[in-house]
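What TrEMBL records for Cys13, Cys49, Cys87 is [4Fe-4S] cluster 1 binding site. Annotated [4Fe-4S] cluster 2 binding site per TrEMBL: Cys164, Cys168, Cys171, in sequence order. TrEMBL lists 4-124 with the feature domain 'MTTase N-terminal'. The annotation domain 'Radical SAM core' is assigned in TrEMBL to 150-382. The domain 'TRAM' annotation in TrEMBL covers 385-446.
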Amino acid sequence: MAPRKVFVKTYGCQMNVYDSERMTDSLAREGYTPTDRPDDADLVLINTCHIRERAAEKVYSELGRLRDMKAERAAEGRTMAIGVAGCVAQAEGEEIVRRAPAVDFVIGPQTYHRLPQALKRVSAGERVVETEYAVEDKFAHLPAPAKDAPKRGVSAFLTVQEGCDKFCTFCVVPYTRGSEVSRPVGQIVAEAERLVERGVREITLLGQNVNAWHGKGADGREWGLGELCHRLANIDGLERIRYTTSHPRDMDDSLIAAHRDLPELMPYLHLPVQSGSDRILKAMNRHHTAREYLDLIERIRTARPDIAMSGDFIVGFPGESEADFEATLGMVDAVGYASAFSFKYSTRPGTPGAELADQVPEAVKSERLQRLQTKLAEHQRRFAEGCVGKRIDLLLEKPGRHEGQIVGRSPWLQPVVVEARSSRIGDTIPVEIVRAVSNSLFAEAL
Ligand code: 5AD
Ligand code: SF4
């Protein structure tokens, strides 16, 4: 039989990127090789995001294009199976096959270890919708990547925690990804070791609330993320550890101490605050005030003075006044973010925020987002310029645009371009940062 090909398209967050890799690994065991052309694929899998309305709508326009492609292939006597995975799959389930009848199967983020069975049912002519939360542990049932699995590059993601119990009133995640689940230490360490064997030098631990991760360690005690970082730092060949996304309420002392004590733990922290107004933070159900957040950052900076702070912001949450928004601008100035993501509030059906009166007009959201992003860009530029003259260890990740150039990431997650003809991808080399252009840095090898 000719080898079958799979095209995977990933929307949304880094956890979806990780999930797509794991699904690709499990499909490799079923004889599928990846292709980057959907029209060439026997199986097209789209891994979807439901976080904001725009993201969810993209899925249906993509499915329209795929329906036409599937019809063209059918005219040539070839088949193409179409699968929808991820958070839209979880949230909309059957509705997807109703709206897009070309779809053969729908599989939620908690069930994708059942992908091989789903494919068998599809080839037997069935339509499959698998969005029930699985009772079995998904991670335990996912096969380890085969020895000859595709290379992962220098930097890889590793999901350690999934789901969320926080119920921020704007967010669909607790409904699409379910309640918080932590993977056990042994499983995480084994996966990290396998990644390092395959050439990975930097691992980013993923979780919707990654710093809420907890698991029993070898000593029988309950570990937190700080202890897990210590354990992973012991793996030979693993040079850098990162983690994302964190909740301010789960930033415990041992994790803060790890930032002080572990050179492998990179000085970068994505710690979303969403708003700088106590009134809005309360309406968002964030469980902390602006002052508590700032005090926390002060403690983190005492442990690791050069840490780069990153965050997420939402403008135009229902009831947000001009004064509330100005408090958010004040928060940005008080923290001095090195990078940030900012969004207009998007009403998500089924979340408490959708029921609130006093929705903010679209034009006001746009205007506030513009002002916020101007300020954030200014801080980002200032942070990057502050890096000029620093000497750092640079992990080389991929070829640059020009001959002889290699691109890596600074400890603070900025892309760094260096001329390094005698070095190789995967090497860590000492460099001096000589120039900053918005968020990109240029360096000279030392
Ligand atoms: N509207 C706008 N932004 C949202 N986010 C989550 N839900 C919404 C929503 N309904 C943002 C938050 C979160 C990030 C991943 O996406 O800032 O931290
Ligand atoms: Fe969503 Fe809040 Fe949970 Fe983050 S902490 S995933 S924003 S509910």
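Cβ atoms are placed via backbone N, Cα and C, with glycine included.
A TrEMBL annotation is a machine prediction, not a hand-curated record.
Here the features listed in TrEMBL are painted onto the structure.
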| residue | record | DSSP class |
| --- | --- | --- |
| Cys13 | [4Fe-4S] cluster 1 binding site | coil |
| Cys49 | [4Fe-4S] cluster 1 binding site | coil |
| Cys87 | [4Fe-4S] cluster 1 binding site | helix |
| Cys164 | [4Fe-4S] cluster 2 binding site | coil |
| Cys171 | [4Fe-4S] cluster 2 binding site | coil |
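In terms of local Cβ density within 10 Å, Cys87 ranks first among the binding-site residues Cys13, Cys87, Cys168, Cys171.
Secondary structure by DSSP for the domain 'TRAM' (385-446): 1 helix, 35 strand, 26 coil. With a 10 A radius on its CB, Cys164 ([4Fe-4S] cluster 2 binding site) counts 23 other CB atoms from all the protein chains.
What surrounds the [4Fe-4S] cluster 2 site, by Cβ distance within 8 Å of the Cβ centroid and not counting Cys164, Cys168, Cys171, is the set Lys166, Phe167, Phe170, Val172, Val173, Pro174, Gln208 from the same chain.
Cys49 ([4Fe-4S] cluster 1 binding site) has a Cβ environment of 21 other Cβ atoms inside 10 Å. Looking only at Cα atoms, Cys49 ([4Fe-4S] cluster 1 binding site) sits nearest to Cys171 among the binding-site residues Cys164, Cys168, Cys171.
The Cβ centroid of Cys13, Cys49, Cys87 marks the [4Fe-4S] cluster 1 site; residues of that chain outside this set whose Cβ lies within 8 Å of it are Tyr11, Gly12, Met15, Asn16, Thr48, His50, Ile51, Ala55, Gly86, Thr176, given in sequence order. Reported as a whole number, the C-alpha separation between Cys171 ([4Fe-4S] cluster 2 binding site) and Cys87 ([4Fe-4S] cluster 1 binding site) equals 12 Å. The average pLDDT the prediction assigns to the domain 'TRAM' (385-446) is 94. Straight-line distance linking the Cα atoms of Cys13 ([4Fe-4S] cluster 1 binding site) and Cys164 ([4Fe-4S] cluster 2 binding site), rounded to a whole number, equals 15 Å. Taking the C-alpha positions, the distance from Cys87 ([4Fe-4S] cluster 1 binding site) to Cys164 ([4Fe-4S] cluster 2 binding site) comes to 13 Å. Ligand 2 lies under 6 Å from the Cβ of Cys168, Cys171, out of the binding-site residues Cys87, Cys168, Cys171. Checking the binding-site residues Cys49, Cys87, Cys168 against ligand 1, not one has its Cβ under 6 Å from it.
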